[in-house]
Amino acid sequence: MKRIGVLTSGGDSPGMNAAIRAVVRKGIFHELEVYGIYNGYAGLIAGNITKLEVGSVGDIIHRGGTMLRTARCEEFKTSDGQAKGIEQLKKFGIEGLVVIGGDGSFQGAKKLSEAGFPTIGLPGTIDNDIPGTDFTIGFDTALNTIIEAIDKIRDTATSHDRTYVIEVMGRDAGDLALWAGLADGAESILIPEEKHDLEHIINRLQLGIDRGKKHSIIIVAEGVCSGVEIGKQIEEKTNLETRVTVLGHIQRGGSPTAFDRVLASRLGARAVELLLEGKAGRTVGVQKNALVDHDISEVLASKHQLDQGMYRLSQELSI
Ligand code: F6P
């Protein structure tokens, strides 16, 4: 293998730049030529491809977003779109590809591998919802962004004796809500993996009030329902003054934490090694702090499991 490509796809996540840097520099270290594909699969179809040098990825390790930019591409879901993508890869003489993104991006990587094009999936999403890795790139940074925001909201919640509902990202996965709730001592955490019961949430609020608590924090993952709706229901059923904050895309930006930079560097380098070892259709990950790789079809066929022990702990501690 002489020439490889790298692209980022789907929602961006902090640390993607560090992963791109690792792929480029590890590739060059092994005397490969590395090409950057801009705008995800859409850019692949369009042939938006440029050779990257060591200096092309200088000064990006600490930056959020992705220097290669990203997109969600409907056309690449079709066999016609995939064929156009492979045609472009061949035109540029690229023999292996690293795709950095979430499960939607991995679907594209799987299709490329099935079509005989060596592709490695590198998990980059703030949602932490990719099986085969304990952590995805960007999760830790997003989590810390949420914590910083909730700490600030807590100041004003305490000053006004209010109940605060905070909506965080996570359509299908509750990791961000759960970890943030545990790290911030939220009274209730609503996640897509667990049914919620409004009466139960209100009872917990009431228990807190009975023992003199004047403010409360409730975290809702966006996949459960809108935080605004939960806030309205709480206010209607109680006399508690309630405010809602939807954190939104602030969770996706910002300088990656040290954890995400290191994770991205390790996974990016390992992805290149796998291509050099002649492996394809694999995903890289870290489990129990060891680098691992898995078959991409198996990863996509399984579902990320929420840590039930952590969920129970969050309930036990927020009495
Ligand atoms: O998958 C990452 C993510 O940030 C999800 O948490 C969120 O539901 C979604 O992307 C938002 O997507 P978009 O930026 O396209 O609105």
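Every residue, even glycine, has its Cβ placed from backbone N, Cα and C.
Pulled from TrEMBL:
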type	residues	note
DOMAIN	3-275	domain 'Phosphofructokinase'
BINDING	Gly11, Arg72, Cys73, Gly102, Asp103, Gly104, Ser105	ATP binding site
BINDING	Arg21, Ala22, Val23, Val24, Arg25, Arg154, Gly185, Ala186, Glu187, Arg211, Lys213, Lys214, His215	ADP binding site
BINDING	Asp103	Mg(2+) binding site
BINDING	Thr125, Ile126, Asp127, Arg162, Met169, Gly170, Arg171, Glu222, Arg243, His249, Ile250, Gln251, Arg252	substrate binding site
ACT_SITE	Asp127	active site, proton acceptor
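In this structure, Arg171 (substrate binding site) belongs to neither helix nor strand by DSSP; it is coil.
Across the structure, Val23 (ADP binding site) and Cys73 (ATP binding site) are spaced 23 Å apart at their Cα atoms. Checked against ligand 1, the binding-site residues Val23, Gly102, Asp103, Thr125, Asp127, Arg171 give Gly102, Thr125, Asp127, Arg171 in sequence order as having a Cβ less than 6 Å away from one of its atoms.
Checked against Gly185 (ADP binding site) by C-alpha proximity, the binding-site residues Arg72, Cys73, Thr125, Ile250 yield Ile250 as the nearest. Comparing Arg72 (ATP binding site) with Arg171 (substrate binding site), their Cα atoms are 16 Å apart once rounded. Ranked by Cβ neighbours within 10 A across all protein chains shown, the binding-site residues Asp103, Asp127, Glu187 are led by Asp127. Largest Cα to Cα distance within the recorded ATP binders Gly11, Arg72, Cys73, Gly102, Asp103, Gly104, Ser105: about 13 Å as a whole number. The 10 Å shell around the Cβ of Gly11 (ATP binding site) contains 20 further Cβ atoms across the protein chains shown. A simple way to gauge crowding: the CB of Arg243 (substrate binding site) has 15 other CB atoms within 10 angstroms, across all the protein chains here. Of all the binding-site residues listed here (Gly102, Gly104, Gly185), it is Gly185 whose C-beta has the fewest other C-beta atoms within 10 angstroms. The Cβ of Thr125 (substrate binding site) has Gly10, Gly11, Ser13, Gly101, Gly102, Asp103, Thr136, Ile137, Gly138, Phe139 as same-chain neighbours under 8 Å, each 6 or more residues away in sequence. Here Arg25 (ADP binding site) is compared against the binding-site residues Gly104, Ser105, Asp127, Met169, Arg252, and the shortest C-alpha distance is to Ser105. Here the candidates are the binding-site residues Met169, Ile250, Arg252. The one whose C-alpha lies nearest to that of Glu187 (ADP binding site) is Met169. Comparing Ser105 (ATP binding site) with Arg243 (substrate binding site), their Cα atoms are 36 Å apart once rounded. Put simply, His215 (ADP binding site) is 11 Å from Arg243 (substrate binding site) when counted between their Cα atoms.
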